[in-house]
Structure formats: structure tokens, C-alpha cells
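Taken from TrEMBL as is:
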DOMAIN    97-397  domain 'SAM-dependent MTase RsmB/NOP-type'
BINDING   Cys195, Ala196, Ala197, Pro198, Gly199, Gly200, Lys201, Asp218, Asp251, Asp269  S-adenosyl-L-methionine binding site
ACT_SITE  Cys324  active site, nucleophile
Amino acid sequence: MAALMDTRILLRKIKDLRCLTPRRNRVKAKWAGSQPKYPATNLALQNFDATYSLQMGEQWPSVRVSMLCEQKYGALVNNFSTPEGVIADLQSQGCRDFVCQPVGVGALERLQAPGFPLHDNPSTLESVGVSQDVAPPRLRTNIKCFVFPRGDISRFKPSRPDLYGMLGYYLMDAASVLPALALDVQEGHSVLDICAAPGGKTLALLQTQAIRFLCVNDISVSRTYRLQRVLNSYVPKELLAEERMRITSFDGRKWGEIERDTFDRVLVDVPCTTDRHSVMEDENNIFKRARTKERQRLPQLQTELLLAGIEAVRPGGQVLYSTCSLSQLQNEYVVERAMHLAREEHGISLQVADLRPITRLFKDTFYFAPDPHLGQLVLPHLTANFGPIYMCKLQRLN
């Protein structure tokens, strides 16, 4: 028995290779220095469990599971390449263009028809300041984004360049195309994308081929370089000329001082907690302890950016605010605060456009939150795992 115990001790020591290392060369592993005790993804999930379980109630468990599963993507077709071959290839894989093939036959025509009802209950909208006087968006059907059917988690192949070096499609969360559609860009408009990097929504806006002048901005120089690389891979050089497009790295909060009352349309896609990324990736995660103050300042930053966008748009123009967060603090409350400041400090009156027609049109592709207070919210769902994407459109009156 004693011999058996000695053998077990010897085997245990052999398994521990440190016993073969001279004592003077042994180094104790510093676990705290090599791996965080609480990964940022765990901190994000704990924060969301505490916050969203109260905000969303019974919906949160389903949304939580979906965000922890693989995200679905869409293929935004590049009209500046050779789209016919790209579209045929995507259709052969079983994909469909959710913009041009929406819910039912004739749904797009109903949306664009005069007098299309904006809401089933007008009194509900009036109580939160949503106006039915703002015309519903006339969708630009030359924006084409292909998705796999509901429940199909197939992946897209990487896009290949054509004979002129232009890539055929851009892979992105298909719900990120909705803000570009809702912005309702028309022929000859000047457009500002105040937080443009990495460039997916900018590309979607360019696919309308209706913009007279586009200004794209991002405060981060490195992200602006990435944006330029994306544009060079998808857009012909003549459309990147200075008379058609301007790329800048200014502080978006100061845009009201730079160009006031200038643009027909302004997209304000603000920095946020990027909820899906925060629960899946530790890299560049805003829930790292070192970034706590930055995360706490997000609603203030978002309000300032939206207010700058409101100042930059001309009277009669429209601003679209969007995030990829579920948080009401970063969504509805930011919109309400910015509208209040615009009215009290700048004398600017705004109307909130009802985006309910878009939810009706694309309800077979995305899962929308029921009865949001302001704007619309795409919720992740296992059968349609896009989002989260929040969007709210404002029209400047004076």
C-alpha cells in the first residue's frame, strides 16, 4: 500500500513539469496579469441582465440568447460594380433582396402611395409628440440587400472584385440598412454622415445614386482611414472627387459651428455600447474597467452629436438618429433630451416622424420591438438574428 502511495506521488510530480525545472528558474504564473479576473464580456452581460430584464421584461431571455448566438448578415449589392452577375449569384444561393421583395405583393406600392396611414392609433402618437404630418419615406429601391431566409444561418462567401477592381457586395448587419432607407434621400440632396466609420451606412446611402454632395466624418483618424479604404474598394474615383464628397475627421459635436442650416439629410449613427459586440468580444470592449467613465458619458456624447446634427440640417430637412443598443438611456431618452435642448437653447422646433410603415413593410425579415415609445427598434431573434438597431427620424420645422 505504501509503495502504491509513493507511486501516485511520483506520477503527480512528473505531471507537474515545474519539478523538472531548477528552483532558481521557477516563476510563479501571474494569473491577474495574464487574464482579467472578470472579462469585459461577462461584465457586459451582467450589466444587461440587470438593466434589460427590467426594461424588456419577458422579452429579455429570448433577446439575450439571440445576442449570444451567431449574428446574421446581409449582402449590400454594390451598384458601382457589375450588379447583374452579383445578384444572379446571390439568388442562386437562395438569398432574396429584402428591400425590393418585402412583405407580400404590392407592399412597396402601398407604402409609397399618397395617404398611407402612419399609425393605427393617432392619439397614441400625439401623446408622445410624433407627427403624422411628416410624409412616410419613399424607399429607394436601387438599394439592394440580400439575406438568407428566416431560420437559415448560412454564411455569405467573401466578395470578389470585378474587372475594374470594385467589390460586388458589402457584408453588414442587414438591419443597418434600415436607417439609410428611412432617411429618404431624394435626387439632388446634400447629405451629412456625422459618425461615418466603418462605412456600411455610407455605402448604403451612396447606392441611391441620388446624392448631389456627401460629407462623411468620423472623429477617429484611424477609423477614417478604414472608411477611406472601404470607399476605395466600392466606389469609383470620380464619385470620390472633392466636388462630390468630402471626408473629414472633425469632432462631430462641433458641426453646428462648422456648417449650420446646410444639409438636406443628416445621419447621426452615434457611438454606443454596441450590445452584441460587448457580449461576444473582449477586444475593444467598452465594458472594460478602464473604460467605465467613457461608457458613463455616452448619453451626454450622443445628445451632443444629435444636437449638432439638428443644427447642421436646413429647415425642412430631416435627421436620423441611430444606435446598435437596446438601452433606452441611449435611444429614446437621448432623442427627448436633444429635442428639448434644441427648442430651449436654439429655438429649433422638431417633429418626430413615425417609422411604423417600415416595420410593416419588413416584418417578415426583422423582428421589431412592439410599441416603442419613440422611433423603432430591431430586436435580435433566433429566426431573424439581426440587430439590435434603434432609429428615430426628426424633421426640422424652422
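Every residue, even glycine, has its Cβ placed from backbone N, Cα and C.
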Averaged pLDDT, computed only over the residues in the domain 'SAM-dependent MTase RsmB/NOP-type' (97-397): 88
Gly199 (S-adenosyl-L-methionine binding site), number of other Cβ atoms within 10 Å: 25
Cβ atoms near Ala197 (S-adenosyl-L-methionine binding site) (within 10 Å, other residues, all chains): 22
Cβ contacts of Cys195 (S-adenosyl-L-methionine binding site) (under 8 Å, same chain, 6 or more positions away): Asn217, Asp218, Ile219, Gly252, Val268, Asp269, Val270, Pro271, Leu305
Neighbour count (Cβ, 10 Å) for Lys201 (S-adenosyl-L-methionine binding site): 24
Site of maximum Cβ density within 10 Å, from recorded positions Asp251, Cys324: Cys324
Lys201 (S-adenosyl-L-methionine binding site) and the residue listed as 'active site, nucleophile', Cα-Cα, nearest whole angstrom: 13
